[in-house]
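Inspection log for the structure reproduced underneath, given as structure tokens.
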Amino acid sequence: MVHQDPQRRASASLRERRRPTGWPVGSFSTYEQAQAAVDMLSDREFPVAELTIVGVDLIEVENVTGRLTWGKVLASGAGSGAWLGVFFGLLMGIFGQGWLMPLITGIIMGVIFGMIMVAVPYAATRGRRDFTSSSTIVAGRYDVICTPSLARQARDMIAESGIAGQPAPDTRAPRPAENDGEDA
């Protein structure tokens, strides 16, 4: 069994929360495209540990999934309570004389307990949130960034592969414009 020093774990956690650094080598409209680019680089034996996929322009999207009523709330509580009651009823039945009475008692108590546990918070909202929803964080685009020493190579490999998305612009200093003999 491997034990890790708590201070070492904390410093590793802080490293993970740092803002990623590097040069952009590709910009993609979906995570799947960015993932495909990194996978392609991996297949070509590029050192992918030098890459990071970064979601940019994050927004929270809440999808409303339905109307919430007292009936749905109580049915949900009864269902989850019944399953909890089955678990405890069977557990008590295993260690007791019979298994049927503990099972029935567990289900009934679970249904009652489950309905109370969902009814109290729902009543506290007083109808201010009578809908169900699911939330997710979505990025406007996904950038693949790379350490500066390998960024040009990664960008060129992504551009040559034809993977959907836009390769990042060349980050080298622009070349001086050649003067074709005309004065500006």
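Positions of Cβ are set from backbone N, Cα and C atoms, glycine also.
Feature list (source: TrEMBL):
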type	residues	note
DOMAIN	25-96	domain 'General stress protein 17M-like'
REGION	1-21	region 'Disordered'
REGION	160-184	region 'Disordered'
TRANSMEM	73-95	transmembrane segment
TRANSMEM	101-124	transmembrane segment
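Across the domain 'General stress protein 17M-like' (25-96), DSSP classifies residues as 42 helix, 21 strand, 9 coil.
Confidence over the domain 'General stress protein 17M-like' (25-96), given as mean pLDDT on the 0 to 100 scale, stands at 93.
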